[in-house]
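As structure tokens, the structure follows; a few thoughts come after it.
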Amino acid sequence: MQIELEKILNQNREKIAFGNLPTYIPELTRANKDALGIYISQLDGSEFKAGDYDYKFTIQSISKVITLIMALEDWGAEYIFECVGKEPTGDAFNSMMKLEIVRPSKPFNPMINAGAIAVTSKIKGKSPEERIQRIMDFFKLVTGNPDLKVNESIYMSEKSTGDRNRAMAYFMKDVGVITGDVEENLDLYFKQCSIEVTCKDIARIGLFLSSDGVLLETGKQIINPKHSKIAKALMTTCGMYNASGEFAINVGIPAKSGVGGGIMAVVPGKMGIGVIGPSLDEKGNSIAGVGVLEQLSKMLELSIF
């Protein structure tokens, strides 16, 4: 497997030049555009890695999967989906167009920014400090990495430039989708997106979902399996933004991307996969990372369809 992974990475490196680093979060322009790596964690305990698998990046929108599960655990699916929909939009991840023109005025799904902000606003806690601590503790539990932390420079960069997210949040507050203090909820959202990870960390999140919420180390079921299935279904239909349909056809596994260049993928009952490639395509997905997953899926026949 090791040789095959190295070969797949090398065959996709040429795509890096055709992508770009995101510019709307200034700190993300400091990323190494040429980085490309993969980490695979399997339910039988075996692990495979290649390339820049230890490269550190911020989790960004991949965090939306975890906060969705937390909100579902806190409130149950019926209430959460009164506040956010389940359908793909076909629009860019940061688009606010349908939020205003479609009734009822709620975000289409939890994987776009508006939906994720609404979901994060539902995470329970008596104070902002308790809420971010709950998020960090759950991330550490699922990844098995007690050293996870927020990248402060990315967090401050996102907070200072997040005007579009701020506009969406205040609109959702106005129509009753978001409860509580808008700036407090946005601050929580910016922090969750700025958690620094490696391919191994997001592969472990994928592994957790592949077992429907069982921790590999303990064999303990720590979430409702139904909530894991909901997350994977939404990853399949909405996780790669407005390229989700194409990804489902070409790769065929649940996945969630982030503008930090990461992609977290799940092969149900088998493995979790973490890929990093900061150079993004026009949809906001890792341009080489998508190619790597497509080749890997074909080689190992991973498609769930």
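Glycine is treated like the rest: Cβ placed from N, Cα and C.
Under the heading substrate binding site, Swiss-Prot lists Ser61, Asn113, Glu158, Asn165, Tyr189, Tyr241, Val259, citing sequence analysis as support.
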Query - C-beta crowding around Asn165 (substrate binding site), within 10 angstroms - result: 21
Query raised in the report: Can you name the residues of this chain that are 6 or more positions from Glu158 (substrate binding site) yet have a C-beta less than 8 Å from its C-beta?
Result: Ile25, Glu27, Phe190, Cys193, Ser194
Query - Cβ contacts of Tyr189 (substrate binding site) (under 8 Å, same chain, 6 or more positions away) - result: Ala116, Ile117, Thr120, Asn165
